[in-house]
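Taken from TrEMBL, the feature domain 'TM7S3/TM198-like' covers 297-502. The signal peptide annotation in TrEMBL covers 1-27. Annotation source TrEMBL lists transmembrane segment at 294-311, 318-334, 346-365, 372-393, 405-423, 430-450, 484-503.
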Amino acid sequence: MKQRNMSGWVGCPLLLLLLVCEVQTQAENRVVFLPGTFQNVSLSQNETVQAVVSRISPAVAFITLQFHTQHRNATLSYTRLPGVGLSLTAVDSGLLSALEPSQTSLTLFLSSPDDNTVSGTGVILPYSSTDPVPGACNTEFNLDIDPNIYIHYNLYETTIRFAPANLGYERGGTPPACDQSKATNTRWRLQYDVYQYFLPENDLSERSLFSGIQAAADIQGVMTNGRRVMMLLSTDMTRVVFNSIPGQGVIYSVIVRDPLLNTSASYVPVHTYACSFTSTLDDCHTLGKVSTKIFFTIAGLAGLFVCFCGHRFFKCELFCMGFSFAAFFFFVLITRTTDLGYDIRLALSAVVGVVGGVALVMSWWRFGSVMACVVVVGLMLGFLIASVVLFTPLGDLDIFRRSDLVFWVTFCCIMIIVPLLFVRWPREGNIITCGVVGAYAVVLAFNAYIYTSLSYITLNILKRLLNNNFNAAFTDVPFQTMDYVMITVWVVLGVCGIVLQLYRERSRPFFPPSPYLMWLQERERRKTNILDPSHHFPSLANRFLTRVRQLTKRAEPAGEHTPLLL
């Protein structure tokens, strides 16, 4: 009996220890959310965390819980075991819970679907019965009520989609019908504002993303910090296309408004870098391909030379301009007509560019038509000016976005007007082209290593040439500190190059003469002017044959060949 009591006392501490460990484990797997307050959560492998909201106000009719990670998926579920229609696995996930009349608390579940630890940030946003319900008229996605924004990107464009919203309703009430009628007392009066928020350039840190999410998660935050891109009516498709900017973090958010009650609600924001964090070859941290860096580094050095010395070394300038012109359009042609890899297309474009540069130089060398070459050079400047004009907010006007014909006619008109001015001032126009285009080539070389939005001046045009549906994309890009630095570099290099060349060439001939025409004139002069000593100088062919005979003829022995006289 005594031994039995002793074993009972020994077992009690063990039982107590197990109870303490269980309580501690439950506490660690339970996270309490306060409305509007962000909570950082770390999800371990095979771990389920309860997201608990307590003391919910009776004025709250529904609640959204959103959870964001940088690039790893997390599962947000209504139940402990995720199921189809009851959970969502994504980088940016959210669930909407309509509350019962007497409900004062809510529990949702977070877990990691992969064999990785996931860190993220989440927030609870409450809404009243007069606020619209995001995604309540969903017919496309898995959740019954889906407040999420779904995103898809490729090299050219980023597309967001979301489910239509419905009017708000009281706790325990029946939701209004979605498609029964289009009267003003139905969801068809709702409006959707699409916002865009750019993260800091060249910053792929998790801290930067979470700060951006906190700045754009709710209605007031996104209105203050984001930029409204467009407004959609309920009759419009809930789909918006943007320009892809690989390596640049962007947060997209949608606010649904009820203009009659002057209320609004926010969808779950979604973010993208338009690149992969897990790719082994070309991820977000090593975005630029080696071939691209080599190509644009050489182009930048050539642009720096043309910027300051292009007009003096006219043949080098013509080669660079012809190279750029031929390589660009051949890259467009080969990309649209073949499925070759990027490196092969870039190499072939470089080869064709060399041919184009040599062809332009030889046309000037043979025919001596300066104006024809200057027109080609002017087209390069016209292309860049037209790209700059349509890179501004002017390019996002509906008339240009909805009609490729209007866009390209406007582009070509601007591009052709510039060479016409060169007919009156050919030397000045050529020097200006050297300064502006050469300095922009230097900016592109910087972009191969440090992201700058200025590269999209020409890249947007290239994308529109390569992608038939790119006209529907909004081409907004962020303008931040690095972009203003690059604009300064472009302006300073361009102005210095133009001023230096104008000063240095002020007393020289407008353009160097054609070498072939000079040779013809020299040959005619030698034929007609017999007093010129060069007239009696053997031609190159005769001199060559004479030299060959001297090398092949047997040398005569030196010494006296006649007998001595005795």
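Note: Cβ is positioned from N, Cα and C throughout, glycine not excepted.
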Against which stretches of its own chain does the transmembrane segment (346-365) lie, if we need a Cβ under 8 Å and a gap of at least six residues from its ends? 291-292, 295, 314-315, 318-328, 330-331, 334, 340, 372-373, 376, 514-516
Contact call for the transmembrane segment (484-503) against the transmembrane segment (372-393), three or more Cβ pairs under 8 Å: no
Mind looking up the mean pLDDT for the domain 'TM7S3/TM198-like' (297-502) in the predicted model? 87
